[in-house]
Amino acid sequence: MHDYLYLASQSPRRRELLTQLGVRYELLLADDEEDAEALEVVQPGETPDDYVQRVCALKAEAALRRRERRALPDAPILTSDTTVCLGGEILGKPGDGADASAMLKALSGSTHRVLTAVTVVSTLGMHHALSISRVTFRAMTAAEIERYVDSGEPLGKAGAYGIQGRAAEFVERIEGSYSGIMGLPLFETAALLRQARLRF
């Protein structure tokens, strides 16, 4: 049994969600010379489902190498990746305010999918889970989109919004996992952690 895990994620939401589960963790973040962004390039013809699972697994492999390179004690490693897709189009993190505005305009008045993949690596192997949720946004005015983008909240978030923040006012309905939409589906994550023999 393990008493803690390594979290290979910079996301404050994922930290909050792990704490909510009562999981002890240490951060295992990328070194300066690692090109984390290169992992997130969409491959030609790749579906959103395949994309998010591939990126999550690559993050786990990179974190495992990082743990070994730093000669850290053995403990499970958790990685996660979230993507938003509308139709078959992957909406990643916006590059700037104009990019965020375009994404939010596309999401306005429609239903999109939020896919969050989770990978846990332990001595028992590499185990994966995928959470798929549907989110319906009410129609948003151009002024509302502009105000939200000006808040700075959309930057750094897949699909240009965080459901736990100001964007909650645009969410008409969700089907699936609220924590998954935030970035770490707790039901699936807890099952993976039990598989990895983590005490929490």
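Placed from the backbone N, Cα and C atoms, the Cβ positions cover glycine too.
Not measured: the values here are computed from a predicted model.
Here's what Swiss-Prot has on this protein:
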{"type": "ACT_SITE", "residues": "Asp81", "note": "active site, proton acceptor"}
{"type": "SITE", "residues": "Arg13", "note": "site 'Important for substrate specificity'"}
{"type": "SITE", "residues": "Thr82", "note": "site 'Important for substrate specificity'"}
{"type": "SITE", "residues": "Gln164", "note": "site 'Important for substrate specificity'"}
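The Cα of Gln164 (site 'Important for substrate specificity') lies closest to that of Arg13, out of the recorded positions Arg13, Asp81, Thr82.
Cβ crowding, taken as the number of other Cβ atoms within 10 Å, peaks at Thr82 among the recorded sites Thr82, Gln164. Between Thr82 (site 'Important for substrate specificity') and Arg13 (site 'Important for substrate specificity'), the C-alpha separation comes to 12 Å. Of all the recorded positions listed here (Arg13, Asp81), the one with the fewest other CB atoms within 10 A of its own CB is Arg13. According to DSSP, Gln164 (site 'Important for substrate specificity') is assigned to coil rather than to any helix or strand. DSSP assigns Thr82 (site 'Important for substrate specificity') to a strand. Secondary structure at Arg13 (site 'Important for substrate specificity'), as computed by DSSP, is helix.
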